[in-house]
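Right, one structure below, let's go through it.
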Amino acid sequence: MNSHPEINGERLLARLDMFAKIGATPGGGVNRQALTPGDREARALLTRLAKARSFSVFQDDAANLFIRMEGRDGSQPPLLIGSHLDSQPSGGRFDGALGTLTAFEVLESLADAGVEPERPVEVVAWTNEEGCRFAPGCMGSRAFVEGKIPAEWADLRASDDGARFEDERLSTIDALAADSSHRRLGFPVAAYLELHIEQGPSLESEEIPIGIVTGVQGTRWLEVAFEGQTAHAGTTALQYRRDPLKALTMGLSALYAGVMPENADARFTVGRIAVAPGSVNAIPATASCTIDLRHPETAVLDRLEDDIRSGLTEAAARENVSVAIRKTVDMEPVTFSSDMVAALQAAAQKAGLPTKTMISGAFHDALFVAGCAPSAMIFVPCRDGLSHNEAEYVKPEDSVTGARMFLASVLELLPRA
Ligand code: GLV
Ligand code: MN
Ligand code: MN
């Protein structure tokens, strides 16, 4: 390496503003859900920025987008750095975008300093990390690690407009086909590093600028569908009712009272409920919901999942309705490579930055990439720990400090990876 690259903080902050305009919502956040026109626009902008710097751009069959800076030995597996550009429907401007744009800023700062790294460095924007428009989440990184698109994804439909995943995937790839080269899905990676906002309160409250993430807790998603009988609201007496919404609400109410109060580290969330036919004066025929369940230990997740299944089944029996429970996501808790964590600690020490080691409550693409390459993550504080919310906010100086830490970590990892 021949000179000392430095983060251009103004450039990074300007880029964050540029991307926040794509899919901007009136409340100051973004709605740029996976594979929508907004997501495609963000990918196209990143591609334009990459080409302006003469980096090469690739896409694979999962629509993962790669931007490559050549290394001295181009035959070496790249150091992969990045995050995602898709968002929640009512999302913030930093979740995913900060990590992707920080990785790109590092590539530019290496290029500005005339650095030719030992091995290639590639920025990646993974497809559909969020999982809200198409479940599961982290589709791009999961397909990358498996080396194929799972067959069951062909039938997936979008939660908002019913679009087919298969159609959306192909048109997203087509939209950038002229500006990128095609790559096969999955290739050897020397190491993977991702920066993200903490999405929790501890760094901000402890006034620590950098979190070094040692692992990610487990997540399970369930789709629950109660089915009863639609009937007249005014004429159907209690003993004749087969009300699926009553079963759902009574079942959930018991779970709200039990799961989190009894398990301080558990997270139990119902984010979507649907009732049909949805008439004011008819008992519903069906009532369904999603459940997001998290915990750092697999054994506890197993036990809580059993409790949820039996609680909902008993609620269905009490109301004389049926219930079907389908697991759509099962992400095992992951511990990151201790060598990677040690490299990040060394980088922070050289950069003079205080750190805190922590595990992530949110899932991230790094959880999957850890299945094929040593991986780790860096967190930066966000205001009030608030995320998946339009008001999500990261102080400019915290974004820039995170980028300095990220660059220091890349420089630490390049000779080690
Ligand atoms: C990621 O967005 C998560 O829900 O953890
Ligand atoms: Mn994210
Ligand atoms: Mn998110």
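Note that Cβ sites are derived from N, Cα and C of the backbone, with glycine treated the same way.
Cross-referencing D95, D179 with the Zn(2+) 1 binding residues that TrEMBL gives (H84, H196) picks out D95. H196 (Zn(2+) 1 binding site) sits 13 Å from H388 (Zn(2+) 2 binding site), taking the Cα positions as reference. If you measure from the Cα atom of D95 (Zn(2+) 1 binding site) to that of H388 (Zn(2+) 2 binding site), you get 8 Å. Within the set of binding-site residues H84, E130, H196, H388, E130 have a CB atom less than 6 Å from some atom of ligand 1. Under DSSP, D95 (Zn(2+) 1 binding site) is assigned to coil, being neither helix nor strand in the three-state scheme. Its Cβ placed at the centre, D95 (Zn(2+) 1 binding site) has 27 other Cβ atoms within 10 Å. Only E130, in sequence order, out of the binding-site residues H84, E130, H196 have a CB under 6 Å from ligand 3. Looking at H84, H196, H388, the binding-site residues in this record, the fewest other C-beta atoms within 10 angstroms of the C-beta turn up around H388.
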